[in-house]
């Protein structure tokens with residue numbers, strides 16, 4: 001293994017290769033024992049019998065293996081790193097799922113403590129000093145092992161004593177204890193990313209674990225690969241003289257923009273099943289023993305390094321900033337902590353700019369970099385809102401105390417918003433940069449009136465742009481009257497002399513274009529300017545629309561554009577040197593004269609041969625319009641785009657990207673999802689229908705922004721809360737936002753946040769959750785304007801308590817739906833088994849449901865008999881499940897085929913249970929709604945009957961095991 005420079009990632013151990021490099025002997029045998037247990041750990045975790053596997057390993061370890069491990073680890077740092085990953089992982093796994101306080105098996109703990117004394121530089125320094133003091137000659141591996149274990153145990157005894165005395169250890173001692181109890185989450189630095197099959201094996205290849213852990217390294221690797229670390233290593237010296245180094249710093253800040261933007265896109269693509277994540281990784285990653293550090297947030301060192309470089313918005317003194325960063329980077333390797341310390345103690349660029357002494361160019365370059373950093377934190381804030389779903393799955397604790405909040409969503413939103421204000425100030429939109437704009441007519445009417453124009457912007461400093469991004473433009477329409485609008489970037493021009501890697505989809509550009517229709521005050525102003533004019537701009541990235549491209553010759557990607565929106569695809573194609581597989585570009589326009597960018601379209605159509613197929617569909621073609629296209633390169637036809645899409649999409653289509661108005665985009669989604677000409681009906685689907693949670697949706701939409709009040713439609717039908725409550729199943733999703741009701745059944749097919757976030761509030765009021773993520777987003781308003789179906793009648797009836805009960809029932813049912821829909825439920829295939837979630841997920845789903853239903857029964861005041869029966873039936877089902885999985889482990893663990901089939905039967909039994917519960921709930925909901933609509937109070941016996949049916953379902957499930 002190589003040696004990492006300050007701030008750089010340490011090399012990844014070659015876990016599978018190491019047995020071939022370790023000399024024969026006890027050390028190699030010990031490594032192979034642990035390596036084999038790691039390979040089987042995920043399979044044992046599936047049925048919750050991992051502790052038996054780990055106990056068997058621990059009983060097979062001893063003094064000889066400890067000394068041998070020390071011997072080979074002292075000779076090879078790569079072996080030491082591998083042992084560190086494996087032993088910390090096994091300790092964390094032993095304590096999962098955190099139902100009670102346990103002690104790590106003795107020999108496993110001893111081996112883990114000793115390897116940490118060798119692996120962690122701070123602990124190693126303590127060990128070396130002790131060994132040198134005890135032995136005049138070179139210490140033997142046995143002496144080193146004994147000293148390491150003795151020092152570690154002394155630290156633990158000291159920590160135990162202070163805890164029993166209700167006092168605290170000195171900070172420097174507690175930091176060393178924290179390193180002794182370093183979690184496997186802390187070892188992601190020396191594990192590969194999620195594509196490495198030998199890393200992050202705590203739960204086999206469970207997506208929620210490998211992506212959460214592995215993305216941390218992949219994000220940091222991207223930041224490092226695109227010069228982020230190399231520039232930060234130079235920053236402390238460059239900041240010593242801002243005046244002399246201003247031009248170098250401007251170039252550095254531009255490169256840091258690109259590095260952060262590419263890392264942000266990788267982080268955005270990290271999607272998970274939140275309930276599964278909450279019951280697996282979130283519980284697994286908590287500290288054990290006397291460690292004072294919990295799991296913490298999911299931010300990698302890039303966040304903290306950029307915090308150190310950019311400082312706080314309030315220019316707080318550097319000592320306070322250093323203390324904060326030191327606290328947040330306690331688990332980082334020493335080299336990363338050293339770089340952070342160097343950055344934060346160097347002269348502050350923010351202070352230099354605030355003093356008024358910075359050059360104009362440096363000020364603009366810093367603002368541009370802050371734009372990307374701000375968006376990075378905004379994206380992190382929105383993704384963190386999904387923690388609420390994980391909490392509902394039964395996670396009982398978080399390091400930040402979110403679970404104790406009355407409203408977790410508001411707690412998370414306020415906490416992260418405060419963090420953003422600390423970094424960017426009270427007005428985070430402030431980091432705009434100056435630009436100069438020119439308007440050029442693109443399309444005119446027969447009378448010469450400008451209908452569409454190209455607006456070109458020259459930026460005062462390079463901005464990081466990817467195809468599909470938008471530009472937030474502030475323009476002074478009248479003296480002192482500034483208006484802000486957001487437009488899609490149609491073309492971007494790289495700065496002179498810049499270069500990019502083959503797979504790089506982001507560049508620092510010096511100028512960009514937008515295409516604007518002459519409608520509305522600001523757009524009309526932009527279109528009709530005769531001379532250049534100053535503006536202020538800010539990039540609005542669109543990571544949800546990032547075009548990934550094909551990776552195989554057999555893959556296809558479909559682009560669908562409406563009119564001038566084709567420019568987004570043309571911009572991406574212009575940046576490609578070659579294409580892999582097939583790309584189909586379908587463009588719709590009224591006629592040839594209304595087809596914007598026709599010249600570029602014709603040019604690009606002949607640039608990639610058979611890899612790019614262009615179709616133009618004209619809805620109202622003029623005479624000779626079809627014949628004007630060059631034969632062979634562009635295929636032209638008449639009609640509506642949706643009438644032709646069935647010919648262009650195939651089962652090999654990897655993803656479909658749609659650009660245009662909201663109505664156009666939704667028509668395309670509807671057409672490709674259901675087939676052209678199909679009338680939309682509420683589908684009869686199971687609440688357990690398949691769901692994809694491991695990747696972004698197939699459809700990626702980039703729609704034109706609407707006005708702020710675009711969803712205010714007249715003559716909307718009145719929809720009661722009772723009717724709303726009946727639409728909370730997959731394929732039939734309604735939500736209320738304020739006083740309006742929306743049918744969002746199509747949204748899961750393109751929602752970047754996944755379907756479970758939508759199901760969370762299906763059939764209920766969702767304004768509070770919506771505002772924390774999408775407030776003020778005009779693009780979302782455009783889509784909602786096409787989905788509004790009525791106005792919510794919020795008047796409370798005579799039996800208002802039953803309306804509250806109904807809302808609670810919907811909430812409970814939504815949780816049950818979310819917790820029971822699993823992408824990789826066992827199928828009986830041994831190849832798929834490693835990606836399946838553990839049986840603990842099923843236990844968590846029923847626990848959450850029973851807890852919620854019991855609360856409903858107590859709230860309704862129907863007596864304790866129903867609650868007692870429900871709890872008793874549930875306990876019987878859990879006990880039967882526990883006994884069954886123990887038997888499966890004992891009888892089938894060594895036979896993967898039988899094991900896979902046994903797991904499938906367990907999950908099938910759970911599916912039958914959930915279907916039965918949903919049937920009972922649906923009938924109860926209909927009864928309540930029918931009675932309330934008729935003006936009668938529902939009978940409490942209906943709750944008794946439903947509860948009895950649910951209890952019976954639980955008892956039948958117990959027998960099925």
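Note that Cβ sites are derived from N, Cα and C of the backbone, with glycine treated the same way.
What Swiss-Prot lists as FAD binding site is 298, 753, 754, 755, and the listing cites similarity to another entry. There are 22 other Cβ atoms within 10 Å of the Cβ belonging to residue 754 (FAD binding site). For the recorded site, residue 754 (FAD binding site), the DSSP three-state label reads coil.
For the domain 'FAD-binding FR-type' (429-548), the predicted model reports an average pLDDT of 87. What Swiss-Prot lists as domain 'FAD-binding FR-type' is 429-548, and the listing cites sequence analysis.
Feature annotation from Swiss-Prot assigns NADP(+) binding site to 453, 454, 455, 456, 499, 500, 753. Non-local contacts of residue 455 (NADP(+) binding site) by the CB criterion (under 8 A, 6+ apart in sequence, same chain) comprise 437, 438, 439, 440, 487, 513, 514, 515, 516, 526, 527.
As annotated by Swiss-Prot, domain 'Cytochrome b5 heme-binding' applies to 716-793, with the evidence given as sequence analysis.
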Structural state census, the domain 'FAD-binding FR-type' (429-548) (DSSP three-state): 10 helix, 70 strand, 40 coil
Neighbourhood of residue 453 (NADP(+) binding site), C-beta criterion under 8 angstroms, separation at least six: 439, 440, 441, 442, 515, 516, 518, 526, 527, 528
Cβ-Cβ distance under 8 Å to residue 753 (FAD binding site), same chain, at least six residues away: 382, 383, 386, 773
Nonlocal residues around residue 456 (NADP(+) binding site), in sequence order (Cβ under 8 Å, 6 or more apart): 437, 438, 440, 511, 512, 513
Alpha-carbon distance [residue 754 (FAD binding site); residue 454 (NADP(+) binding site)] in Å: 35
Same-chain residues at least 6 apart in sequence whose Cβ lies under 8 Å from residue 755 (FAD binding site): 691, 693, 730, 748
